[in-house]
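Enquirer: What TrEMBL lists as domain 'Phosphatidic acid phosphatase type 2/haloperoxidase' is 100-251. As annotated by TrEMBL, transmembrane segment applies to 12-34, 67-87, 99-120, 175-193, 205-227, 233-251.
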Amino acid sequence: MQTRPKFGQWLKCTWLDILTMAVMGAVGLGVYIAHPAPSRSFAVTFSDGEIVYPEFAYPLRKEIVPIWLAAFLAAFIPILGILIMQVRVRSFWDVNNGIIGLLYSLISAAVFQVFIKWLIGGLRPHFLDVCKPDTSLATDTGYNRKGFQQLYFTREICTGDNDQIDDSLESFPSGHSTAAFAGFVFLYLYLNAKLKVFSNYHPAMWKLIVIYTPVLGAVLIGGALTIDNFHNWYDVVAGAVIGSVMAFSSYRMTYAAIWDWRYNHIPLNRNAPFPYLLESGELVGA
């Protein structure tokens with residue numbers, strides 16, 4: 001781990017990861033573009049015309065942060081941070097494990113959330129505006145005009161654009177939040193390890209600000225989704241949880257620790273275990 005490997009040596013260690021990421025990326029893309037799996041029921045209006053669930057009747061607005069931009073920022077900014085840190089660290093394996101770990105986090109989180117979107121989903125705040133329901137189109141088959149006082153319908157009564165309707169049926173969880181937290185929480189862990197914010201001495205306050213700036217960015221991206229009415233608050237929270245869990249898992253897979261300041265900056269070797277020390281100085285497993 002002290003020397004830079006030749007390309008063939010690096011590829012020998014990494015080819016399986018590259019293949020796995022490519023396969024998972026293809027699976028995630030396939031699920032992402034698939035039609036929603038469930039046939040979700042929804043109510044439109046009461047007999048007097050009052051909207052049953054006004055929280056799903058917001059107007060369709062332009063996204064403040066498009067999904068492509070959220071994904072780009074979640075990848076580009078952490079990679080940039082890892083590369084800038086090399087002014088101080090100067091380690092090929094740190095760059096390798098940092099970027100590979102980041103990709104673990106982003107790809108696994110994305111696949112995790114698109115499966116939930118596809119199989120569970122939920123109504124976006126602008127669903128009724130996109131659906132443009134016409135209850136006169138309802139038939140007596142399936143789940144149209146069903147439930148208490150026959151208030152519930154399925155998408156068969158929607159007259160809007162099919163692609164927009166598909167998208168508005170897959171609100172849960174938020175893909176923006178998942179990507180943002182997967183990338184920026186990983187960067188938070190990386191910066192904490194390198195700057196030793198939580199260690200055995202009292203660091204300068206600027207280090208605290210630096211490590212939490214990516215987390216603020218993730219929160220702002222998630223929060224923007226509730227302003228432009230593309231997600232409900234619980235969609236954003238679920239995406240944040242998924243992204244954060246994958247970030248923590250991926251960082252621990254590629255570095256020797258998460259919080260232990262003695263080891264959390266050290267990239268792990270795929271082929272050799274790291275020699276942790278007990279308090280007595282004895283090697284773990286010795």
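The backbone N, Cα and C atoms fix where each Cβ goes, and this holds for glycine too.
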Enquirer: Counting Cβ pairs under 8 Å that are 6 or more apart in sequence, does the total for the transmembrane segment (205-227) and the transmembrane segment (67-87) reach three or more?
Expert: yes
Enquirer: Is it the case that the transmembrane segment (233-251) and the transmembrane segment (67-87) touch, counting contact as three or more CB pairs under 8 Å in which the residues of each pair are 6 or more positions apart?
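Expert: No, the transmembrane segment (233-251) and the transmembrane segment (67-87) are not in contact.
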Enquirer: For the transmembrane segment (175-193), could you work out the same-chain residues 6 or more beyond its ends whose Cβ comes under 8 Å from its Cβ atoms?
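Expert: Here the qualifying positions are 65, 67, 70-71, 73-75, 77-78, 81-82, 85, 98, 101-102, 105-106, 108-110, 112-114, 117, 210-212, 214-215, 217-218, 221-222, 224-225, 230-231, 235-240, 242-244, 246-248, 250-251, 255, 258, 261, 264-265.
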Enquirer: Averaged over the whole of the domain 'Phosphatidic acid phosphatase type 2/haloperoxidase' (100-251), what is the pLDDT?
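Expert: Mean pLDDT for the domain 'Phosphatidic acid phosphatase type 2/haloperoxidase' (100-251): 93.
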